[in-house]
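Listed in Swiss-Prot for this protein:
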| type | residues | note |
| --- | --- | --- |
| BINDING | Thr13, Gly14, Ser15, Ile16, Arg40, Asn41, Asn127, Glu129, Gly213 | NADPH binding site |
| BINDING | Lys128, Ser154, Glu155, Ser184, His207, Ser220, Asn225, Lys226, Glu229 | 1-deoxy-D-xylulose 5-phosphate binding site |
| BINDING | Asp153, Glu155, Glu229 | Mn(2+) binding site |
Amino acid sequence: MTKTRHLTILGSTGSIGESTLDVVARHPGRYQVVALTADRNVEKMFEQCIQFHPPYAVMLDAQSAEQLEDRLHAAGLDTRVLSGIESLEKVASLPEIDTVMAAIVGAAGIRPTLAAARTGKHILLANKETLVMAGRVFMDTLRQHHATLLPIDSEHNAIFQSLPQHFNGDLAGSGVRRILLTASGGPFRTVDLKILETVTPEQACAHPNWVMGRKISVDSATMMNKGLEVIEAHWLFNAVPEKIQVVIHPQSVIHSMVEYIDGSVLAQLGNPDMRTPIAHALSYPERMESGVQSLDMFKVARLDFESPDFKRFPCLRLAYEALAAGGNMPAVLNAANEVAVEVFLAGRIPFTAIPVMIEDVMKSTERRDVPDLEGVLLADLQARATAREWLACNIRQSTGQPGKPASSLSAGQ
């Protein structure tokens, strides 16, 4: 009989969190949800608490925590409601927890994910920033405390499934020639470059294959998402940048591939649904039903591949440059991107200004080593401050109106 796993889901109201709970609900008795966490989505958290009855619920925002507590009390639930980053760390390291789904988007997910690593948990990692910003710190912590890690990103999960079962971090010793990291190319893969200057947030968030949150949808449109995944792959699989090849694959059916020295290429295929990697990681080394439909190869009919265009997708180039530089630069890249995407979604800069802001912040930041979490978080804070300064210098303020993009912000000018 399969042992019941006790779960904390960090970021339960986001797309990954909801997909995780969908899979969990299909297997009653196999998983017990001990803690759910969110930022400020009280309504969705309330619904999840009603369905799963977790002993703990954490809202990062204190006011949202108060609202949730009132609603749960009125509903007769005895779920304990906590708030703040320290509470996220607490529920990620509870002694009764064995598995943590790390699905908080952004730098806010680093501290609770590290807390899970320090207490030897089985970590299902969907938070890119933990590896992008603090890869060395996080991997060292995993080893030191004998925590285990399985990737949730569909691409890294596909790579994991395509590597030898007992892969020990030695690609060459395992006969691996290179990793082929697939990318859909996003909604603007074939759009005229001039049109990109007028792209709206709604257009950028309309991914052709995947259903995702707004931030990651914009990252997919700029291919920064793929750039961050290159950095993740470096840490997850001990791969130098030259061994990680990005391949644009518009159908999003092949989720990634591993090429071996004998010429073999192993790939993981499936419908574009995050429940597949989630179910794989939740049940590993077994397999279980995810709710995902079978892949109809006759309906797919064809598989296309293209090389990425750095002119169209400068964010991908910037990610490779940050990885090559090392030290604080991946954290700087990530912080500048988070600010740029935030202000783009707010309508304050054009789509084409996102890579301009990121590159300017990177160029104005001195490369430094970051041996610990404090150094990583400091690099993050400083890069965000630099990005805000850049924004202040490049946005014209109009009385009574939101800031308007300056004409000089377009990448083509």
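Quick reminder: no glycine exception, Cβ is built from N, Cα and C everywhere.
The distance from the Cα of Arg40 (NADPH binding site) to the Cα of Lys128 (1-deoxy-D-xylulose 5-phosphate binding site) comes to 21 Å. Cα of His207 (1-deoxy-D-xylulose 5-phosphate binding site) to Cα of Gly213 (NADPH binding site): a span of 10 Å. Across Lys128, Ser154, Glu155, Ser184, His207, Ser220, Asn225, Lys226, Glu229, which the record gives as binding 1-deoxy-D-xylulose 5-phosphate, the greatest C-alpha separation is 19 Å.
Most Cβ neighbours within 10 Å among the binding-site residues Arg40, Lys128, His207: this distinction goes to Lys128.
Rounded to a whole number, the distance between the Cα atoms of Lys128 (1-deoxy-D-xylulose 5-phosphate binding site) and Asp153 (Mn(2+) binding site) is 8 Å. Annotation note: His207 (1-deoxy-D-xylulose 5-phosphate binding site) sits in a coil segment as assigned by DSSP.
Rounded to a whole number, the C-alpha distance linking Glu155 (1-deoxy-D-xylulose 5-phosphate binding site) with Asn127 (NADPH binding site) is 13 angstrom. Within the set of binding-site residues (Asp153, Glu229), the lowest number of other Cβ atoms found within 10 Å of a Cβ is recorded at Asp153. Fewest other C-beta atoms within 10 Å: among the binding-site residues Thr13, Asn127, Asn225, that description fits Thr13.
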